[in-house]
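Asker: So Swiss-Prot has the following annotated:
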COMPBIAS  13-22  compositional bias 'Low complexity'
COMPBIAS  901-917  compositional bias 'Basic and acidic residues'
CARBOHYD  ASN3  N-linked glycosylation site
CARBOHYD  ASN326  N-linked glycosylation site
CARBOHYD  ASN603  N-linked glycosylation site
CARBOHYD  ASN653  N-linked glycosylation site
CARBOHYD  ASN927  N-linked glycosylation site
REGION    1-49  region 'Disordered'
REGION    901-920  region 'Disordered'
TRANSMEM  690-710  transmembrane segment
TRANSMEM  726-746  transmembrane segment
TRANSMEM  761-781  transmembrane segment
TRANSMEM  791-813  transmembrane segment
TRANSMEM  827-847  transmembrane segment
Amino acid sequence: MPNISRKPPPRFYSPSHSPSPSLYAPIQSPPAPSYDYHANPRTLNPFSDAREVGGYAQLQGEDQMTGAPLYQPPYAPQLLVAQPTPVSSRLPFFEAALARARGIQTPSLPEAPTPAYAQPLPSYLPPPDPNHPDLSVGLTQANTVRYAINPRSQLKEGSRSPSPFMDDSFVYNDAAHLYNVEPDVEKALLGSGLGYESEKRVESSMGFNDNDGDLSVPQSFGGRPPSWEPSGILDEKGEMSTTKHFGPAPAGRVGRRAHNAAGYRRIKQSATLDENGFFAIEMNIPTRLAQFLPIKGVEEQKTTRYTAITTDPDDVPAAGFRLRQNMTSPPRQTELFIVITMYNENAELFCRTLYGVMKNIAHLCGRKNSRVWGKDGWQKVVVCIVADGRKAVNPRVLDCLAALGVYQEGAMTNTVKDRPVTAHVFEYTTSFALDGDLHFKYPDKGIVPCQIIFCMKEKNAKKINSHRWFFNAFAPLLSPNVCILLDVGTQPAPKSIYHLWKAFDVNSNVGGACGEIATFKGKTWRSLLNPLVAAQAFEYKMSNILDKPLESLFGYCTVLPGAFSAYRWIALQNNGDGRTGPLASYFAGEQLNTGKADTFTGNITWQKIESCVSKSAKPKANWVLKFVKAAVGETDCPDTIPEFIAQRRRWLNGSFFAAVYALMHTNQIWRSDHSFARKSALMLESVYNFLNLIFSWFALANFYIFFVILTSALEGSAFNVPHIDVLNTIARYGYLGALVGCFIFAMGNRPQGSPWKYKAAIYFFALLTTYMLVAAVLCTVQAIKNINSPIFAKMVVSLISTYGIYVISSFLALDPWHIFTCFIQYVLFSPITDLLLLKLISMFHDLSWGTKGSDATQASDLGAVSGVGKHVEVELVTAQQDIDIAYQDALDNIRLRGSKVDSAESEPKKEQSEQAQKDTYANFRTNVSIAIMLVQKKRDDAKS
């Protein structure tokens, strides 16, 4: 629509009518009577016979007041030369006040009005919204005072002139004019509707004199103090405020500003629940995102569907909830259903995982000769992102989802007809991606559409509950062939998902599979400079070379890592009674929160142990578990000792109780439909797991015995090392003292609260390991000299069985690079297993999933859906302008990478402060306990 000018033209007099001497003098006469709008319609046509001049309707012919003849020049009106005034209104307010105080006479410049024409909006600007005015022009000299003082007066054109000398608005009675003739590029870009060398017209107010209380207009030109309230802003004490030019100062902390002063406004509107009572709404995507869509008109890419779920995840399918894939005609067949679980991980880790998944989908679409995949293969893959708690999600992750078009905060609500919302579900098919560096990737880079379901739980109910939403709420609606589990931070290689799916496709007996977990090394493998990361990289690689292939050969993997694993959907189904089976036994671990589960049941559910056993030993089935080496997933491993200990403590709890549970239920293998050879192989694997459990239990004592034997060998006459016995005695007592200290640390101190205690113990064990390796090398050299002695054979066998197997197997697997980059770090950190074992034993009672808490209260910051029946009222952010503003804010936050956030986001929470206080008390208790033990030890030595 055209941008209509709102300023009336100036009053022009005919030369034949002799003006009075007071015409060019300052006008002191009272204001003219009000103009009757209905009797004299206004027009913007400069060639019309009737024109509004100064609040009167004048015809070409005679003056309505004096009867004098008038004429109006069509293009070159006569210029009016104004006389000097005491204070010019063209000065900014503060300079005008200063000039008035000093008594300075400032001349007024002549006014050169030109006819006003309606200026169309620029083509690059969106169409105006009548409900959301354009607030791009800020508060200025003229309109600020009117905002603050006279609510009855009209809002005249505000000045944005950069000149400190004069203002470019000139007020004459009730008509305001712009007299500048120089092009103002700033006004043109801001959409003020001004053309070069043109004038913008302002309509007069409805019978009010707009100069009443306008401090920007001098009294000689009709301006005067307000007759009904003081010219200024009164503060709380009733005194004049000094901020009347800019408005009152905001109270309290000012949050992050939006692009528009309107912010994200929720507008109350009526809505209709669906036939099953769910509140679902289709939200338009941002305008900027719609402009870059590769294919226009696709409904699933034009809108984002939001649904507020108020039921338990187990009751979602029975309640009649449907996804977009169920609404198509015909319903889409889902081959792969991928879940990405997250808590509070940062945006880089999230985008790295999602980008890896989208590259895998692009690879599936590129397999043109496949009977399953091809050009439209993306329609057979659905990605489900489950966030554990709305308040716990990283805000930058939500910005990334909003940038992709998946998430819109303005659509969410807290309750639906007094029923609390348990999960917010967003559905959208995005055509773009964000890589790990938060850079957009478009379809020209190989990105294909991706169907995304974003389920954000209202409360933090831990990871096992996130899997329950995936398996019990969404998977039954899609009935996928294969379900893939991913954690945020694990990036699958471009072909990994295909290789995982292929393992199920070529062998119908495969019920579960896992890929190779590798550490994320970064560019040029710079992460390996951290010895802790290098040690984990070596451990992961050796597990994928030795352990996983052996277990896959037998047909049963003790643990399928939740970070990167896949399951056949029909293999996960429970038994006929519905109370037993893989999923039922797995989700029994959620009873930990209700106090209905014992310690043993709580620990075995950590690593999905029962799920693995139930699939392999499922009655009347012959499912096997496979390891797929070609499917590689890079995970972000812990790079600090506190994070490493917290993670491995959970893993050790799961693996330890996994072995115990598997051994206790070995007889269930004979109830399955496996062949006799397969059952025999599984029994042999059970024996292997039993021996491995025994060695793990005695690993602490075995390491100490090995240390004592090697260091004591240096005391022999063959080495002739002076005073080596003193050094060995100190090392042994230090070893035992460190073990006792680790027991105390493990039982009373968190790794996050006492990092230096754990670091000191680990570094001391690494020093003792170095001493032990030196002793082993010296003993080996001495044994080589006596090659015919029995000790040589024992030494060679022991070294080959421990370290030689790593080197030989790595070269046989044609993957030896970790031997050259990570072997030394792994050997030095090998004693950390002692600390982890002590931590495991000391924390058997702790069934929490790390440091992640849970919410207990229902929030009420999003509004509510209220009404009777299916017709309800709800407050939503549905205006396109506000949606575009929110989208631009998300893009800005991604670009800033979270460098500028609200201070409240960085403030420590109350729970964190309380935990820090508890850690301080625990450190004091541990220090006192260690001091008492040392004093008691010295006292016993003195007595002896």
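Every residue, even glycine, has its Cβ placed from backbone N, Cα and C.
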Asker: If you measure ASN653 (N-linked glycosylation site) to ASN326 (N-linked glycosylation site) at Cα, how many Å is it?
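Answerer: Distance (Cα to Cα, whole Å): 41 Å.
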Asker: At the level of the C-alpha atoms, what whole-angstrom distance separates ASN927 (N-linked glycosylation site) and ASN326 (N-linked glycosylation site)?
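Answerer: Distance (Cα to Cα, whole Å): 62 Å.
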Asker: Counting all other Cβ atoms within 10 Å across every protein chain shown, which of the glycosylation sites ASN326, ASN653, ASN927 scores highest?
Answerer: ASN653
Asker: Where does ASN927 (N-linked glycosylation site) sit by DSSP, helix, strand or coil?
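Answerer: Assignment for ASN927 (N-linked glycosylation site) reads helix.
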Asker: Near the transmembrane segment (726-746), which same-chain residues lie under 8 Å Cβ to Cβ, leaving out any that are not at least 6 residues past its ends?
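Answerer: Answer is 700, 704, 707-708, 711-712, 714-715, 754, 757-758, 761, 764-765, 768, 771, 834-835, 838-839, 841-843, 926, 929-930, 933.
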